[in-house]
C-alpha cells in the first residue's frame, strides 16, 4: 500500500499521514482508493501482485466520498436492498404485464402478432429514451424523490391503459407509462454504484435484478391468471394498484443518499462530454452492446412463445400460457449468484456463460414437446439474468464519476434491444415459424458471447 494525499484535481500524490486504514479481501486486478478520517488523505491499495499507480487515478471532477459505503449485513444494506427489490418488482411488473396479453389484443382489436407487440415495444422504446434523459437529470435531483415520482405516475398510467376504449389510446397510455418508468432503472443502478461498498456492489446489484425478475414474473403470471377469471382490463387495473402500493413501500424503506453530490444547474455540454467519454471507452461500449443483445434474445422469445402455445397442437389458454413465466424463478436465484461470482472471480466468464445458456435454451425450444419448450425457456431466463446482473454491475465499476450517465447509456441500448428486436421477432415468426425465431435469437446470443469475452481484455488495458 501507498499513503497518499489527494489534491484538488483528484490526482494521487504526496505522503500524508493516515489515521484510519480499511482492510479488504484481495480482489484480482482491481484497485481502490480508501478514504481516511484525515481531510484529503487516502490509501491507494493495489489489488494485484504487480502494483500499478496509473489505473487508480480519480476521475476528473470527482469528489472524495464523504461517507463509507453500505456494507453487507448492515441495517442500511437490508433496507436498501428491500426498497430496490420493490422498485424493480413494480417497474417490471408494470412494464411487462401486457406480454401475456398480446394474443388477447390481437383478437380483441383485430391485429397481427407484430402489431399487438407494439403495446410492449412502444413502452420499452419510450423507457429507453427517458432513461437517457433521466441519467442526466438524476445528477441534479434527489435519487429517492425521482424514483418515487416515476413509480407513482407509471402506476397511474397503467390504470388509464386498462380503461382505454380503443387501441390507439391504449398505446398512448403505454407510451407515457414507459417514459415515466425511465426514472427508476438507471437511477437505481447509479444509487447502488454510489452507496454500496465496492466489495459488495455486484451482490447488491444481483438482488436488485432479482427484484426485476420477480416483478416480471408476477406481472406476467398474475396477468394471465387474472384474465382466466376476469378480463384483461381488470387484470391491468389490479397490476396498477399493486404498483402504487409498492411505490409507497419503496419511499418508506430506501436510506437517503449519503455519497451523492448534486451538481447545480443543467449544463448540456457537460452531459454530452460525459456520454461521449463513455461511448469512447471500449469496455463500456461492449457492455452496452451486450445489454442490447440480452433483451433482444429474451423479449423476442417471450413475445411469441405465447402465440406458439396458443396454436395447434398445444391450444393453451392465457392462464396456462402465463405459467411459462414462472421460469423467472430461475432468474431470481441466478442474479444474486452471478453477482457473488463476479465479485470473486471477475465478470468475463459469468457474462459469457450467461449468453451461452441463452443460445442453448433457444435451441432446446425447437423440440416439439411442451417439456422441451419449458426447459429451453428456463435456460434462456437463467442465462439472461446472469448476464444482466453481471453487465449492469460492471458498467457501474467502469463508469468513473458519471455513473448515472453510464447507467442510462447501458439501459438505452438494453431497451432498444427489446424495442427493435421485438417487432423483428414478429416478422421472423410470421415468415419462418418458430425455427425463424430461434435462428434470430440464437445468432444474437452467439454474438453476445463474443462481446462478453472481449470486454475484460479491453477493460484491463485501461486499468480496470
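Positions of Cβ are set from backbone N, Cα and C atoms, glycine also.
Curation does not apply to TrEMBL; its annotations are automatic.
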The annotated transmembrane segment range in TrEMBL, which must be one of 114-134, 261-281: 114-134
The transmembrane segment (373-396) and the transmembrane segment (205-226) contact flag, 3+ Cβ pairs under 8 angstroms: yes
The transmembrane segment (205-226) versus listed stretches 82-102, 283-307, 408-428: most Cβ pairs under 8 Å: 82-102
Annotated stretches the transmembrane segment (171-193) and the transmembrane segment (319-337) touching (3 or more Cβ pairs under 8 Å): no
Model confidence over the domain 'Major facilitator superfamily (MFS) profile' (76-460), averaged pLDDT: 87
